């Protein structure tokens with residue numbers, strides 16, 4: 001709890017919205033402004049050799065300010081933890097949107113791709129190379145503008161942008177040929193290749209170079225040969241050819257990409273890559289409000305803000321600025337005022353009772369991408385699903401940011417160990433400049449925050465308990481043995497253990513040999529992790545604030561791209577159908593109401609994939625759907641697995 005003392009002075013923590021290999025992302029409320037943020041929480045001991053990667057990401061984000069880059073607000077470091085407070089991106093991963101549409105039209109692709117080019121061109125102008133460009137590292141904000149996240153693998157060459165890098169990193173399916181060969185390379189040229197892969201994925205819905213065998217995939221990338229679908233236009237084919245040149249010297253440069261004919265079609269002007277959010281001029285209204293609040297004169301406050309320490313003052317100023325940009329009053333609240341539905345009381349009670357958050361059972365509430373309506377508080381003792389209520393925070397049509405959400409990212413799938421060896425990084429201050437375009441998606445297909453229910457552990461593949469039948473039962477939670485060498489942060493209990501685990505990532509990291517370098521847990525805590533304990537305490541102490549019952553059946557959600565509609569009208573029938581299919585696909589799961597928390601494991605017990613499937617009632621008469629959400633694991637493996645599961649269901 002001591003590590004959280006400073007953080008809890010300024011933020012109220014809500015549910016977990018993303019998980020990754022070494023981080024967890026929580027939704028939180030900034031107390032003074034009432035603005036929602038995403039807080040990336042990392043344990044230094046768990047990070048091990050990944051610690052330099054986090055330092056790299058922090059330094060990069062302190063120097064980058066752009067309308068298409070996820071904004072860093074605040075950095076807190078304690079003896080054991082690092083907290084990064086980041087912009088809250090409710091729109092979810094670009095990857096999820098692509099697979100929901102199968103592929104994007106050329107016009108839609110152009111809108112999206114211009115934003116990607118804008119962000120990457122700005123990154124390059126500041127002397128950085130991102131080196132991990134992929135759809136999972138691009139999130140949508142509440143206005144459906146793209147935000148680039150995850151700068152843990154970025155590099156800032158020591159000399160200039162023409163300095164050749166040596167480190168082999170990134171995801172194989174998006175990595176440039178010169179990078180995977182181990183040659184020295186220019187970061188900007190490698191990024192252009194990755195952007196070419198992105199462009200192909202946007203217009204085609206699948207990877208240009210793909211194979212289950214890593215060596216076969218390596219050879220395909222080195223040959224540079226890929227299928228050209230018949231629906232691609234001649235101009236888009238030409239651009240792909242120019243970006244996916246195996247020889248980096250023949251590859252199109254970023255300068256020429258900005259005003260490429262395909263890029264400019266329907267726009268008639270080049271991509272505006274300059275920053276529209278420079279730090280050069282402070283906003284008068286925000287400075288005045290902070291001066292009044294802190295009882296300082298304007299000049300003193302301007303001087304303090306201009307230090308850009310990324311402390312609470314920086315966070316408050318930037319969040320006030322964000323409020324103003326959305327047309328909200330530039331006003332700070334009393335520090336004693338509680339945000340949203342969750343109060344600071346739980347944390348006070350913890351201290352007064354000498355509880356340790358390590359000793360509280362986790363609520364396991366993971367934020368679901370694409371949430372429009374969601375319930376902030378849930379009842380863990382309920383066996384049904386709560387009917388969500390509309391929240392004032394309708395921002396996130398998903399993610400995390402990535403967590404690692406991605407997302408912050410929602411959700412955050414990262415490649416460990418060797419990706420971090422960024423010897424090329426050096427610190428230099430950033431300059432400012434300006435850019436951008438807006439994009440409204442068609443009516444999405446949607447999920448909602450998942451509610452908490454008592455775990456119903458399945459002990460045989462054929463005995464399932466639907467929430468409606470379980471209402472009058474006393475459920476006995478059966479402990480499940482977990483492999484000793486399993487390394488997941490959240491150990492998933494399961495009763496249906498498959499003899500065969502076959503999920504392997506296509507996008508294996510280039511330094512896969514080092515994947516086990518991250519220190520293993522010395523032993524699972526009896527009642528769950530510290531962060532998960534926060535969820536539980538908030539749940540227990542705010543239960544009275546619930547609206548509606550958790551026993552009313554599946555939640556009613558708005559249509560969203562993360563929801564698959566079915567022909568069935570009975571939610572219990574659909575739930576049983578899914579549960580009968582999962583063991584056949586070698587997927588272990590835990591049932592909580594109408595939500596199934598699923599995972600796959602390797603032959604050695606290592607968790608390779610975590611995702612959720614929730615049966616929901618759409619806001620139309622007699623329409624039942626399945627909400628899908630990836631929590632951890634390779635995005636393309638997840639896509640294939642979930643498609644296989646859903647196609648096998650008789651729905």
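Cβ atoms here come from the backbone N, Cα and C positions, even for glycine.
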Field: Annotation match for phosphoserine in Swiss-Prot, from 49, 253, 400, 602
entry: 253
Query: According to Swiss-Prot, phosphothreonine sits on which of 56, 314, 564, 608?
result: 56
- prompt: In Swiss-Prot, which of these is labelled phosphoserine: 171, 194?
  reply: 171
- prompt: Which ones are near residue 25 (ATP binding site): of the recorded positions 56, 132, 171, 253, which have a Cα within 10 Å?
  reply: none
- prompt: Could you tell me the C-alpha distance between residue 132 (active site, proton acceptor) and residue 19 (ATP binding site) in angstrom, no decimals?
  reply: 18
Message: I need the least crowded one of these binding-site residues (17, 23, 25), counting other C-beta atoms within 10 angstroms of each C-beta.
response: 23
Statement: Quick note, residue 253 (phosphoserine) and residue 23 (ATP binding site): C-alpha atoms separated, nearest Å, by 35
